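Engineer: Grabbed the feature section from TrEMBL, which reads as follows:
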type     : residues                                                                                : note
BINDING  : Asp31, Arg32, Gln33, Tyr34, Asp35, Ser80, Ile81, Asp107, Arg130, Glu169, Lys285, Lys309 : NAD(+) binding site
ACT_SITE : Lys109                                                                                  : active site, N6-AMP-lysine intermediate
COMPBIAS : 427-445                                                                                 : compositional bias 'Basic and acidic residues'
REGION   : 427-448                                                                                 : region 'Disordered'
BINDING  : Cys462, Cys467                                                                          : Zn(2+) binding site
DOMAIN   : 636-714                                                                                 : domain 'BRCT'
Amino acid sequence: MDDAQRIQQLRDEIREHDRQYYVDAKPTISDRQYDRLLEELKQLEAANPELITPDSPTQRVGGEPIEGFEQIEHARPMYSIDNSYDPDDLRKWADRLPLEVDSFAIDPKIDGVAISLRYEDGQLVLAATRGDGRQGDNVTQNVRTIRSVPLSLDTQGSPPPAVLEVRGEIYCPWEVFNKWNEQLEEEGQQLLANPRNATAGLLKRHDSRIVAQRRLEFCAHGRGQLDGVDATSVTEFNQQIAAWGIPTNPFTNTANDIDEVLKIIAEFETTRHNLPYAVDGMVVKVNRFDLQDELGFTSRFPRWCIAYKYAAEQAETTLLEILWQVGKTGKLTPRATLEPVLVAGTTVQHATLHNMGEVLRKDLRIGDRVIIEKAGEIIPQVVQALTKERPQNAKLPTPPTQCPECGGDVEIEFDQRRMHDVKAWESRVEREKQRAEKKGEKPREIPQPAPITELDETARYCMNPECPAQFRERLEHFAGRGQLDIDGMGEKVVEQLTEAGLVRTIGDVFRLRERRDEVLELERMGEKKADNLFAGIDAAKQRGLARTLSALGIRHVGSTASRILAEHYRTIDKMIAASEEDIATFKIGENESGIGPEIAKSIYAFLHSHTGEAVVEELRTAGVSLEMPEEETSGSAGSALAGKSLVVTGTLAKYSRKEIEELIVKHGGKASSSVSKSTAYLVAGEKAGSKLEKATKLGVPVLTEEEFETLIAE
Ligand SMILES: NC(=O)c1ccc[n+]([C@@H]2O[C@H](COP(=O)([O-])OP(=O)(O)OC[C@H]3O[C@@H](n4cnc5c(N)ncnc54)[C@H](O)[C@@H]3O)[C@@H](O)[C@H]2O)c1
Ligand SMILES: [Zn+2]
């Protein structure tokens with residue numbers, strides 16, 4: 001292959017990855033792998049400058065507009081940042097700067113999504129994504145739900161600047177990210193690759209209430225158009241905007257020369273692991289704005305700025321075994337057992353392999369030396385096998401054709417999109433044949449997609465509805481925290497109950513009291529423990545429809561979907577009476593419900609299946625509440641205060657008056673200044689005076705700051 005061909009091949013490949021990454025927010029290769037492709041292209045283009053075209057991925061910022069959002073032309077373009085994994089490149093960059101620089105600003109590079117916030121006369125008027133750098137998506141509605149983005153600047157009495165464009169990062173803190181992935185796991189859905197993709201995926205949602213449910217954060221790191229802001233450097237600018245209430249990074253540092261810069265970067269390598277958000281590098285900027293302006297930009301990057309990226313946390317180890325675990329939906333997931341190895345400060349012995357297709361695509365053999373990677377707190381991944389070092393006796397893994405726990409039949413699922421393409425091909429050829437025949441032409445050739453092979457496998461399921469392993473997992477989920485939360489029925493007890501055959505169906509749980517003697521025979525089960533268990537089971541009957549539904553662990557139907565369904569249908573009977581179409585398409589006010597066809601199909605199939613009908617009957621007989629209590633209609637987070645009027649009084653500990661009023665507005669409420677009969681709540685801090693008195697007199701509920709926070713939390 002000559003250079004020109006390889007260049008073309010790389011460009012095609014990179015564009016495809018850009019689309020998956022920026023548009024779909026679902027990358028299929030690691031950033032490191034992507035950067036390698038881009039680096040190869042850069043080098044080939046450097047050797048063959050005549051082949052550079054303006055549309056090459058080396059010449060432009062990668063994003064593309066996302067369907068359904070208004071396109072916004074940026075007042076000043078938003079660039080990417082040149083980056084390197086090699087400290088020497090930073091030195092070279094500094095040496096080559098054509099002017100004297102005596103101050104650099106160094107910032108953690110938060111791994112989120114770039115955003116431009118535009119304030120006019122102190123009011124937030126626009127939030128736009130970077131897009132292709134010239135044009136981005138107007139995501140103002142979504143960004144307004146983010147608590148750390150002030151809706152108006154707090155200029156403390158002085159007139160606000162006419163125009164302030166702050167560039168920064170919207171990101172998903174680890175805590176939010178991990179909780180979210182746990183929930184996806186529970187729902188049997190694909191996990192999010194990393195916090196950046198999580199953020200990107202969320203920001204392009206068309207229902208801002210869904211965005212509001214996930215506590216994204218914002219941190220500023222740059223400037224766009226400015227009018228009426230007199231800062232002359234990064235340092236001054238940060239001070240200025242921080243005073244106006246815009247979050248800046250407390251770890252921003254300055255250095256006088258590149259040696260000092262490299263020292264700060266090296267020191268931060270450990271600090272970054274202790275931060276509540278993902279940091280993948282550090283950004284070094286020329287501090288003074290006049291020098292920045294003099295240096296200007298290339299087609300993709302500012303010349304006054306470079307990013308150092310920390311190497312991914314990888315380690316080499318041996319793949320000892322692949323075990324298959326049975327989940328509550330019957331899904332069999334391969335899990336790698338590894339020779340223990342230290343990565344990013346923790347010992348790793350297991351890694352997820354997702355499915356057999358992935359095992360085959362990665363060409364893994366038992367006994368292989370493998371590279372594993374751990375990003376933040378994400379489950380470790382196997383990146384690749386070192387095939388050149390493959391030992392003679394390395395063994396091909398064999399996926400189970402029978403459930404490893406019950407021997408039940410196994411069904412294999414293949415990539416839906418590929419299946420569709422392959423199927424559609426035959427009918428496309430057929431249509432072309434008919435068309436050509438009619439016109440008396442020779443039919444055009446339609447390229448055939450590669451046939452479906454075992455490499456396209458996406459999942460394997462144990463099909464035995466009575467599979468004890470599945471039932472055990474389901475029961476553990478059913479009784480678990482956040483579900484029916486049955487006191488006294490943890491993992492161990494579930495195991496005992498299923499093993500002893502005391503619980504074979506969900507209904508058996510509620511009949512346990514009748515088998516008290518047998519329960520007492522279980523190991524380490526005393527009178528007190530048993531009574532505690534029975535009380536826990538009784539209490540669980542009153543959790544309401546939303547939690548009961550989510551406790552059933554129906555595929556794709558997790559806690560969020562269950563709540564939305566319960567709030568809409570109110571009773572199980574109405575839900576059963578609904579058509580699949582209705583479940584998929586009902587709206588909440590004017591908004592999509594967020595349920596969609598996949599969830600609808602799953603819940604409908606469950607409710608109308610033999611098992612589903614039996615479970616519902618059993619729950620009913622046991623007296624489990626299958627209704628949504630009236631007072632629990634809260635609306636979704638983000639509109640928790642919809643239509644309500646709130647008054648704030650006294651001195652608050654955590655918020656300024658302005659901040660809390662903004663929060664009220666963000667959650668759909670109205671902040672008013674005087675207490676009346678129509679006031680929904682009074683939020684009272686220290687030294688509350690006459691308003692508190694009046695509220696008490698009128699019977700208006702009074703909230704502390706914490707109670708207020710609970711109210712607006714999901
Ligand atoms: N895996 C894939 O398929 C795939 C595909 C495309 C891109 N990528 C990854 O994305 C990278 C390119 O993305 P990019 O163009 O957004 O570049 P980038 O993420 O490497 O760096 C630029 C961005 O950093 C952000 N940033 C965070 N903290 C900052 C700070 N303190 N100061 C300034 N900026 C800060 C800004 O939003 C800026 O837009 C590639 O290097 C690659 O790793 C991966
Ligand atoms: Zn089984």
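Backbone N, Cα and C define each Cβ position, glycine as well.
TrEMBL labels come from automatic prediction, so no person has curated them.
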Engineer: Can you tell me which of these recorded positions sit near ligand 1, meaning the Cβ is under 6 Å from at least one of its atoms: Gln33, Ile81, Lys109, Lys285, Cys462, Cys467?
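Structural biologist: Ile81, Lys109, in sequence order.
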Engineer: Provide the three-state DSSP residue tally for the region 'Disordered' (427-448): helix first, then strand, then coil.
Structural biologist: 13 helix, 0 strand, 9 coil
Engineer: Taking the binding-site residues Gln33, Ile81, Arg130, Lys285, Cys462, Cys467, which residues show a Cβ-atom distance to ligand 2 below 6 Å?
Structural biologist: Cys462, Cys467
Engineer: List the Cα distance (Å, whole number) between Asp35 (NAD(+) binding site) and Cys462 (Zn(2+) binding site).
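Structural biologist: That comes out at 39 Å between the alpha carbons.
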Engineer: Return the count of C-beta atoms lying within 10 angstroms of the C-beta of the residue listed as 'active site, N6-AMP-lysine intermediate', excluding that atom itself.
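Structural biologist: Step by step: centre on the Cβ of the residue listed as 'active site, N6-AMP-lysine intermediate', count other Cβ atoms within 10 Å, giving 23.
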Engineer: Please name which of the recorded positions listed here, Gln33, Ile81, Lys109, Arg130, is nearest in space to Cys467 (Zn(2+) binding site), Cα against Cα.
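Structural biologist: The smallest Cα gap between Cys467 (Zn(2+) binding site) and any of the recorded positions is with Gln33.
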Engineer: State the Cα to Cα distance, in Å, between Gln33 (NAD(+) binding site) and Lys109 (active site, N6-AMP-lysine intermediate), rounded to an integer.
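Structural biologist: Rounded to the nearest whole number, the Cα-Cα distance is 19 Å.
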Engineer: Identify, in sequence order, the residues in the chain of Arg130 (NAD(+) binding site) that are 6 or more apart from it along the sequence and have a CB within less than 8 Å of its CB; answer 'none' if there are none.
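Structural biologist: The list for Arg130 (NAD(+) binding site) reads Val61, Gly63, Met78, Ser80, Val113, Ala114, Ile115, Ser116, Gly136, given in order along the sequence.
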Engineer: Please list, for the domain 'BRCT' (636-714), how many residues fall into helix, strand and coil according to DSSP.
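Structural biologist: DSSP classes over the domain 'BRCT' (636-714) add up to 27 helix, 18 strand, 34 coil.
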Engineer: Give, as a single whole number between 0 and 100, the mean pLDDT over the domain 'BRCT' (636-714).
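Structural biologist: Here the mean pLDDT over the domain 'BRCT' (636-714) amounts to 80.
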Engineer: Output the one of Ile81, Cys462, Cys467 that, of all these binding-site residues, has the highest number of other Cβ atoms within 10 Å of its Cβ.
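Structural biologist: In terms of Cβ crowding, the pick is Cys462.
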Engineer: Can you see whether DSSP assigns Lys285 (NAD(+) binding site) to helix, strand or coil?
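Structural biologist: Note: Lys285 (NAD(+) binding site) is in a strand by DSSP.
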Engineer: For Lys285 (NAD(+) binding site) and Cys462 (Zn(2+) binding site), what Cα-Cα distance in Å is obtained after rounding to a whole number?
Structural biologist: 55
Engineer: Just checking a number: largest C-alpha distance across Asp31, Arg32, Gln33, Tyr34, Asp35, Ser80, Ile81, Asp107, Arg130, Glu169, Lys285, Lys309 for the NAD(+) site, rounded to a whole Å.
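Structural biologist: Greatest Cα-Cα span of the listed binding residues: 26 Å.
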Engineer: Name the secondary structure element type, per DSSP in three states, that contains Lys109 (active site, N6-AMP-lysine intermediate).
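Structural biologist: In three-state terms, Lys109 (active site, N6-AMP-lysine intermediate) counts as strand.
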Engineer: Taking only same-chain residues 6+ apart in sequence, whose CB is under 8 Å from that of Asp31 (NAD(+) binding site), what do you get?
Structural biologist: Asp280, Ala312
Engineer: If you count the other Cβ atoms within 10 Å of each Cβ, which of the binding-site residues Gln33, Lys285 comes out on top?
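Structural biologist: Of the binding-site residues Gln33, Lys285, the highest Cβ count within 10 Å belongs to Lys285.
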